[in-house]
Amino acid sequence: MQNNPNTTLITATAPVAANTHGGRAKCLQRLVRLELPVPRTVALSFGAVHDIAEGQMPDIAAVLEQFDETDLLCVRPSSEDPDWGGPGAILNIGMNDARYVELSDSMGADAAAALYLRFVQNYAVHVARLDPDVFEDVVDEGPQGLSEVLHAYEAETDEQFPQDPAEQLSEVLKSMARAWEGTTARLLRQAKGAPADAGLGLVVQQMIPGVGQGECGSGVLQLINRSTGMPQITGRYLSQSQGRDALGAGSGALYLEKDARGPSLEELAPEAFEELKTHAALMRAKLREEMQVEFVIESGHAHILDGVRVPRSARASVRIAVRLAEDGIIPQEEAVMRIEPHSLNELLHRQVDPEATRDVLTTGIAASPGAATGKIVFTAAEAQASAARSEPCILVRRETSPEDVRGMHAAVAVLTEKGGMTSHAAVIGRGMGLPCIVGASDMTFQTKKKTLTAPDGRVFKTGDTLTIDGSSGQVLAGQPAMLEAALDECFQTLMGWADQARDIGIRANADTPADAQTARNFDAQGIGLCRTEHMFFDPGRLTVMREMIFADEPSGRAAALERLLPMQREDFTQLFRIMQGKPVCIRLFDPPLHEFLPTTRTGQRELAEALDIPVSDVTRRVEAMSEYNPMLGLRGVRLGVTVPEIYDMQARAIFEATIEASRDGAPVVPEVMIPLVSAKREVELVKVRIDAVAAAVAQERGQDFDYRLGVMVETPRACLRADEIAPNTAFLSFGTNDLTQMTYGLSRDDAGRFMSAYVQQGVFNEDPFHVLDTDGVGELLQLGAARARAAQPGLTLSVCGEHGGNPESIAFCRDAGFDYVSCSPFRVPVARLAAAQLAIAHKLGESPL
Ligand code: PEP
Ligand code: MG
């Protein structure tokens with residue numbers, strides 16, 4: 001039996017493996033090797049169980065021979081990965097009328113009846129497939145209840161309850177094997193990541209009854225708190241119980257360690273408690289994992305039925321991995337590999353408590369993680385007013401535009417009807433660490449009437465309380481309980497280990513000093529993209545900006561820019577100071593100018609007043625500047641070429657700030673980036689002017705400085721012509737948001753409307769604005785990178801689109817030989833961890849994804 005690969009007695013040396021007999025069988029073998037008190041167990045292989053489902057039974061007599069004739073048995077599932085589940089365990093196989101009489105003598109009639117009754121009921125429902133309602137009227141758990149249950153079984157099946165242990169075991173095995181092959185079970189496990197043909201093993205184990213004379217019972221024990229990961233003996237024990245009864249027993253169950261709230265196992269059976277603690281510590285050290293120990297106590301002594309990995313929260317995962325490495329049980333690199341990078345989002349942001357009840361109104365696109373509760377408001381101005389009253393608010397808009405940025409700053413979360421992963425609200429939300437849901441198109445947004453109607457008809461108006469769960473995309477009514485962010489010491493330790501292993505740089509996209517501070521706190525290696533246009537939306541600057549846009553003469557424009565210069569210089573000085581010693585890449589002005597003009601009548605009237613011109617002039621100008629396709633219109637370098645004064649002013653501000661910030665620290669070497677380039681000549685024209693500004697500033701100030709000029713590659717043509725663009729530059733940074741938009745011809749602001757239909761119907765595997773399309777956009781990246789490097793070896797290459805924070809996309813960038821990726825500050829830790837895992841997996845020759 002020991003060497004039979006299909007029905008194997010689990011011994012220290014038997015041929016048992018997770019991929020042939022399942023995780024439980026393998027774990028039991030490890031416990032046997034540790035000489036822990038594990039009941040005798042026979043493991044049935046995936047092949048044997050598959051054959052059983054097909055009607056071919058193994059030698060049941062040979063299995064039974066492994067056990068004592070008086071033993072009761074249980075059968076438990078053993079799938080390759082315990083998370084894939086399996087049919088429920090069936091206990092007390094072997095109970096029949098004769099055993100009942102014998103056990104009544106040794107353990108008392110009540111205990112014996114409880115064992116038999118449990119078996120008959122489980123057998124009836126799972127094996128004979130009777131409706132559980134058949135036993136609805138049975139309340140007694142003793143001999144009386146047993147007799148009722150047996151009668152009910154006979155009445156329903158017209159047969160006596162099977163008395164032969166071999167028949168009982170055969171039928172149990174058949175029912176469990178068939179349950180695994182059923183469609184529902186297959187879909188359920190596939191949803192958990194199991195392959196379609198995943199196998200099931202079964203283990204047949206000697207029962208330690210958990211009921212009877214002396215202290216008997218069952219329970220589970222673990223050495224940590226599963227929410228925090230802190231060392232703490234947790235679990236439950238229930239006298240006179242079996243299986244996992246203790247967990248569902250509520251107040252009937254005992255604490256394990258002495259506890260002021262009630263009686264404990266430590267007091268009731270101190271010896272068994274000590275044994276269990278020792279066993280659990282040994283399991284932790286030897287199985288290299290925090291294990292939940294399933295145990296039975298029989299006459300004051302502990303038996304171990306099973307060990308499973310303790311289910312845990314993300315924050316507990318980090319602490320557990322770090323403590324195991326600090327205790328020398330696993331190497332640091334393994335601790336890094338054990339944490340799922342996306343799960344860090346749970347630590348970096350407040351979350352809806354997983355235990356809380358959720359009143360879900362709808363689910364939109366989870367555009368920026370974290371959760372927040374607030375009163376809804378429908379305009380940026382209301383959001384600011386609400387913040388002034390210190391009332392947390394949620395900004396609800398059909399979509400957001402740069403005009404809403406201040407409102408977003410004032411809000412605790414944002415909800416929009418339109419948009420996708422790279423729409424305005426999503427990008428800004430992630431940048432600010434602001435929970436955000438976009439594309440909630442199942443709700444009706446009536447922003448003029450200031451109402452929001454849920455699909456179930458509930459109407460919410462200004463001041464009503466909602467919760468935005470930007471991690472799941474759920475919009476919730478009311479205020480569920482929350483868990484705070486947890487950036488504790490263990491998190492920092494883990495990230496430190498990750499950085500030691502990592503071999504691709506991680507920078508942050510940061511527009512404001514606050515963003516830069518977040519980037520610094522999360523140990524970004526610099527700023528990879530500072531979108532300067534956001535700096536102009538401050539009310540004090542917006543009017544000056546508008547004056548500049550409205551100026552008819554170059555002199556008027558120069559005067560307005562003159563006033564913007566010190567403001568920009570101050571912005572950049574602050575950024576350089578915060579990022580001292582690290583590179584900062586500043587992108588010159590990118591959006592179309594009309595984004596700065598007011599769109600509402602009131603806004604236009606206010607502007608007319610400020611500029612002292614008739615409203616009709618303002619309206620005319622706004623209309624004249626509107627474009628059919630603004631994202632493909634006069635923006636980026638096209639403005640740099642046609643209205644060069646803007647870039648001149650920005651370049652001056654950058655260089656003056658460079659001198660300023662270098663005064664009290666290491667010399668700053670700014671990186672200046674030109675957006676939306678599609679032709680070499682654009683770069684040449686801008687470069688000449690920027691070099692001239694640099695020379696002028698150096699001469700005026702009598703101080704030399706270095707700077708690096710680079711190009712943002714976000715049009716397909718720039719990728720194709722990278723060989724001729726690269727020689728004029730020190731770096732190329734691929735803006736994969738626009739590049740994806742232009743490669744697909746798919747508007748990043750409108751794609752949210754049909755993205756889910758496209759993903760559902762398999763047109764796209766994933767939203768290409770979220771996960772890089774490695775086939776199409778990726779080919780352009782590879783081609784651009786190769787052509788640029790061939791023309792100018794040593795050129796720095798990076799990705800600064802939103803994809804930079806996505807683990808799958810980072811893998812692509814690393815393989816393509818990019819120097820760094822840049823992402824929203826709050827995604828920096830996720831990116832650092834993902835990048836470290838890639839490097840470690842590469843070293844070990846494995847794929848982490
Ligand atoms: C991009 O296009 O990828 C990018 C980073 O720029 P933005 O999102 O500001 O257009
Ligand atoms: Mg862009």
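For all residues, glycine too, the Cβ spot is worked out from N, Cα and C.
Features of the protein shown, as given by TrEMBL:
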DOMAIN    391-473  domain 'PEP-utilising enzyme mobile'
ACT_SITE  H424  active site, tele-phosphohistidine intermediate
DOMAIN    491-838  domain 'PEP-utilising enzyme C-terminal'
BINDING   R531, R587, E714, G735, T736, N737, D738  substrate binding site
BINDING   E714, D738  Mg(2+) binding site
ACT_SITE  C800  active site, proton donor
- Rounded to the nearest angstrom, how far is the Cα of H424 (active site, tele-phosphohistidine intermediate) from the Cα of R531 (substrate binding site)? 12
- Message: For R531, G735, T736, D738, listed as binding-site residues, tell me which one has the smallest number of other Cβ atoms within 10 Å.
- Response: R531
- Item | Separation of alpha carbons, G735 (substrate binding site) and H424 (active site, tele-phosphohistidine intermediate) (Å) | 15
- So how many other Cβ atoms are close to N737 (substrate binding site), meaning within 10 Å of its Cβ? 19
- Restricting the recorded positions H424, R587, E714, G735, T736 to those with Cβ under 6 angstroms from ligand 2 leaves E714, G735
- Task: Name, in the order they occur in the sequence, the residues of the same chain whose CB lies under 8 A from the CB of E714 (substrate binding site) and which sit 6 or more residues away.
- Result: P675, L676, V677, F734, G735, T736, N737, D738, L739, M742, G801
- Query: Measuring Cα to Cα, how many angstrom lie between C800 (active site, proton donor) and R587 (substrate binding site)?
  - Reply: 11
- Under a threshold of 6 Å between Cβ and any atom of ligand 1, which of the binding-site residues R587, E714, G735 are retained? E714, G735
- Query: What residues, ordered by sequence, lie under 8 A Cβ-to-Cβ from R587 (substrate binding site) and sit at least six positions away in the same chain?
  - Reply: L529, C530, R531, T532, M673, I674, P675, M712
- Within 10 angstroms of the C-beta of H424 (active site, tele-phosphohistidine intermediate), the count of other C-beta atoms across all shown chains comes to 23
